[in-house]
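Participant: So that we are looking at the same thing, I have put the structure below in structure tokens.
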Amino acid sequence: MKGVLSLSLLPLLAAPSPILVDTIHRDAAPILSSHNSKEVPDSYIVVFKKNVSPASAAAHQVWVQDLHTTVMAKRSLRKRNQFPFKNDAFDGLKHTYDIAGSIMGYSGHFDEEVIEQVRRHPDVQYIEKDSEVHAWDEPVTENNAPWGLARVSHRDSLTMGTFNKYLYAANGGEGVDVYVIDTGTNIEHVDFEGRAHWGKTIPTGDDDVDGNGHGTHCSGTVAGKKYGVAKKANVYAVKVLRSNGSGTMSDVVKGVEWAAGAHLSKMVEARKKGNKAFKGSAANMSLGGGKSFTLDLAVNAAVDAGIHFAVAAGNDNADACNYSPAAAEKAVTVGASTLADERAYFSNYGKCTDIFAPGLNILSTWIGSKYAVNTISGTSMASPHVAGLLAYFLSLQPEQDSAFAVSPISPAKLKKDMIAIATKNALTDIPADTPNILAWNGGGSSNYTAIIQQGGYEATRPGNKAAQLTEKIEKLGQNTASQLGAIYSEIKDAFTI
């Protein structure tokens, strides 16, 4: 449902976002900058060409750090000689990247003189200005029950009899690792039952703790005992955002790289030992910023490595294609729906949105204690419903008698299956270019084959019921007023479902 993103340079330059920063050097690599994001001053992400080998990449990274050191020494000398110069401190090389062999590069904080030499180096395909990212959420203080779990397990709109009933397979998520790339996770929370683990902290100097709550909330929706979709899955916290809920694109890319590496290591070990207890990996990223080709490529590379990835569409009531990682075509991009089966007023939309899931007034785990909960809203809350579903469906495979140690289903196949079985046309306020698809978990079945064979489902809309009842009235003609009153009561009820 998303357009193909080519790795060639021409599409990068032709795309309206990010924009190209002009260069006076004909052969210099372009510097990309997003028009709808806040840039981090003098910070860059450098991406190598496809033909650059790991050895050449390592040599280049040594070269750029040496170049940075030399330039900084010259600046220090000018300062001692009292020549006027811009008194800035530059940190040099920050992260190096190698995401499953699909994308290599590095990030850093560099002086203009350094970055100009980097641009003219033959290894470099493009440079992207680092930018801020932030969690997609809109805090709400209302303490409602987790209706979102009930909604993804029922086909039609929730009623008084179904709004708090979640139908699920008891072992849903078992054997699956889910990387929650966010603000961290309160791994001591009782709802995780010891299945939450600290994976990696990316921001320099930050602590291994969720000081914000956003990541903990997402993790609870993925895998909590009470609040989670996949109640037996393991959660690994990958902290890329600081306690204020913001961070940098370069840190997020590094977090994606770490998750991909951890997944590949686990998968190789499982296949080597024939360990059927490990079914595979999923990931959730409920964050975003302006359009970043590098982040989109990083997510796509992680998917190619085998991670089933869910990302939030964004909360700007705008086209998701203008945001990253929402525009990463190999991930599952998730918009937010409401209890009334509407598109949430804040949810992004468009052809880059693959599916919708509950995202308004979602109750889940929180920080502050082992028992804390909170209700918040956003596509950040919708995405972990789908990440949980990815883990849930992965855990149903392979079958017990399978020769495979790890689920053989690819991320592309599972994404296709999830969309195929989803509930169609269930939501209102869906723009014409946006798929009207609501996520579904199979209604509690543990037989993946049977779930897929059911196929999709066309939701029963209140408007259709009203039309049927109107036709019924016309046929009745001259019935008594009391009979007509009863029918009109039915019409009223149909509109208020």
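Even glycines carry a Cβ here, placed using N, Cα and C.
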Participant: Looking at N-linked glycosylation site as annotated by Swiss-Prot, pick the matching residue from ASN51, ASN244.
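Facilitator: Record says ASN244.
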Participant: Could you put numbers on the helix, strand and coil content of the domain 'Inhibitor I9' (43-134), residue by residue per DSSP?
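Facilitator: Split by secondary structure, the domain 'Inhibitor I9' (43-134) comes out as 35 helix, 32 strand, 25 coil.
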Participant: What is the interatomic distance between the Cα atoms of ASN244 (N-linked glycosylation site) and ASP182 (active site, charge relay system), given in whole Å?
Facilitator: 11
Participant: Round to a whole number and give the Cα-to-Cα distance in Å for the pair HIS214 (active site, charge relay system) and ASN284 (N-linked glycosylation site).
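Facilitator: Rounded to the nearest whole number, the Cα-Cα distance is 12 Å.
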Participant: Whole-number answer please: how many Å between the C-alpha atoms of SER380 (active site, charge relay system) and ASN284 (N-linked glycosylation site)?
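Facilitator: About 9 Å separate the Cα atoms of these two residues.
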Participant: When DSSP is mapped onto helix/strand/coil, what comes out for ASN244 (N-linked glycosylation site)?
Facilitator: coil
Participant: Helix, strand or coil at ASN284 (N-linked glycosylation site), per DSSP?
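Facilitator: It is in a strand.
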